[in-house]
Amino acid sequence: MKAASSWSGIWALTLGVSGLMIAEFLPAGLLTSLASDLRISEGAAGQAVTATSIFAVIASLLVAYLTRKYNRRTVLLWLSSCMAISSLVVAAAPNLPVLLAGRAFLGIALGGFWSMSTAIAIRLVPAESVPKALSIIFGGASFAALLAAPLGSFLGDFIGWRNVFTLAALMGAVAFIWQYVALPSLSPTGEVKLRTTWDVLKIPNMLVGLVAINLAFGGRFASLTYMKPFLEQITMLKSSGVSLSFLIFDLAFFLGTLIAGRLITRSLRYGLTFAPLVLAASSLGLIAFGSQVVPTVLLLIIFGAAFAPIPVAWSTWTANTAPESTETAGGLYVASVQLSAAVGAMLGGVAFDSIGSKGVFWMSGLSWGLSALVVFLFIGSALEQIRGAKGEQWQGH
């Protein structure tokens, strides 16, 4: 099915992935109240995000194989139901073990659903529209991830953290219903074996590309994790100023997603090399001018807009690099992003404790620069063979 009505399916996928990303990062904005209610430390409560990431990595690598005989529509609906159920479990959790069990269930849904999204999108829209579809899905997911913590914090103050997770469950239910209505029957394609992941890793440039993905997203997670202390300690903004800065950043990112698909259709270089270099330059700018409010805000606008093409470009690249195993390639992409979240935040913490908030941006800038360098040295010559606008690589998938 590749008709105009399939765009409803793309938006249904977007709601599903966005809901999963919001649910994943909600605890970051609710740690204090959640920890207090369960009578645990904030550090222990923070493991709710870690548990989700760990199970997301495992699920992203195994779901394609474990569900290889099932209709993909059925699998997506099952994973969406897992999202709703997991949030209900968390909302009712009386203690930490139950909370972590619910979050682990969410990780399975997140890793499985997200890893399949690219492969499903390719089957829903015409070949020339694939970059646009991916920009909608992954742009929505990234924006949702940015929005999750401040949204959770805001709503938590009014309705309590348990009701916030109940709303997340409701979002999962809406996603399930939309997918049930909009998605056509999607029979399994290709042959998936346990060794398929290893076979995909052996494809030329795939392993190098995953390294570049880790570098690109690692810089992002490190910088965003410690953006607030930077704005408070270096720019000397008060709470309202920090909130406004994050809002400006999020709006810049949202606007960037609107043009990301068009840029990627022209050339993947915009997302794989140009965007990381702009981010690296923005990091250096924040280090140099972070004590001044106006330059900092302008740099945050550039910062937000520049990251928008990266998720779309890398998801497009992985699918094109392994066109016969798009679900497995999608799983490797998701596993890399989730791994970069853990490693980026950890190394960012080391830099923060050792050098201060500016040290985090030194590290992030280096990470983005290395990502662009890896692409330039090892992948750049192959990028011209991927023409999203004409869709040669998408035919039949």
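Numbering starts at 1 and runs along the chain as displayed.
Each residue, glycine too, has its Cβ placed from N, Cα and C.
As recorded in TrEMBL:
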type: DOMAIN; residues: 1-383; note: domain 'Major facilitator superfamily (MFS) profile'
type: TRANSMEM; residues: 12-32; note: transmembrane segment
type: TRANSMEM; residues: 44-66; note: transmembrane segment
type: TRANSMEM; residues: 75-94; note: transmembrane segment
type: TRANSMEM; residues: 100-122; note: transmembrane segment
type: TRANSMEM; residues: 134-152; note: transmembrane segment
type: TRANSMEM; residues: 164-183; note: transmembrane segment
type: TRANSMEM; residues: 203-222; note: transmembrane segment
type: TRANSMEM; residues: 242-260; note: transmembrane segment
type: TRANSMEM; residues: 272-291; note: transmembrane segment
type: TRANSMEM; residues: 297-317; note: transmembrane segment
type: TRANSMEM; residues: 329-348; note: transmembrane segment
type: TRANSMEM; residues: 360-383; note: transmembrane segment
Tertiary contacts of the transmembrane segment (12-32), as residues 6+ beyond its ends and Cβ separation under 8 Å: 42, 45-46, 48-49, 52-53, 56, 76, 79-80, 83, 86-87, 103, 106-107, 109-110, 113-114, 117, 120-121, 124, 136-138, 140-145, 147-154, 156, 161, 164-165, 168, 171-172, 174-175, 178-179, 181-183
Cβ-based contact of the transmembrane segment (272-291) with the transmembrane segment (360-383), 3 or more pairs under 8 Å: yes
